[in-house]
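The domain 'GtrA/DPMS transmembrane' annotation in TrEMBL covers 20-138. Taken from TrEMBL, the feature transmembrane segment covers 21-40, 46-64, 76-97, 109-131.
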Amino acid sequence: MKDSASSIASFLKPTDTLVRFLLVGLINTLIGLGSIYILLLAGTGYWFSTLLGNAAGAVTSYFLNKAYTFKSSQPFIKSGLLFASLAASCYFISYSLSKKLVLILDNHLAFYPETAAVLLGTVLYTVLNYLGQKYIVFKR
């Protein structure tokens, strides 16, 4: 019994940062969307609400991933600039590639092309962002 528990623990150890990253993603998504909807209900315009909400989610993501997910001691300025650059790069790469791929596969999709592109882009963004944060922004 002790050996199987040890095996499970050693198997899960490499995924610890991925699990924490996904949990942080859930938290920052809730904060970002919550902020957007609160601002919209308060009468703030769409663009300003989405800008502030996404900024709140990004700031939450940075601090939680730095402290909790990757337990990084990287300096704030360096890691903050890398984090912002990575997020922008992941966004443009992910959603550009997904849009092109969806256009190629258009006749074989069960979803509307834009819906498929957003879903695929989200998956690509998450994978690229995780790898970039782990190996570039918050590397040990």
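Glycine residues also receive a Cβ, built from the backbone N, Cα and C atoms like all the rest.
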Contact ranking winner - 21-40, 76-97, 109-131 against the transmembrane segment (46-64), Cβ under 8 Å: 21-40
Other parts of the chain folded back onto the transmembrane segment (21-40), taken as Cβ under 8 Å at six or more residues beyond its ends: 46, 48-50, 52-54, 56-58, 60-61, 64-65, 68-69, 126, 130, 133-134
Helix, strand and coil totals (DSSP H, G, I; E, B; other) for the domain 'GtrA/DPMS transmembrane' (20-138): 103 helix, 0 strand, 16 coil
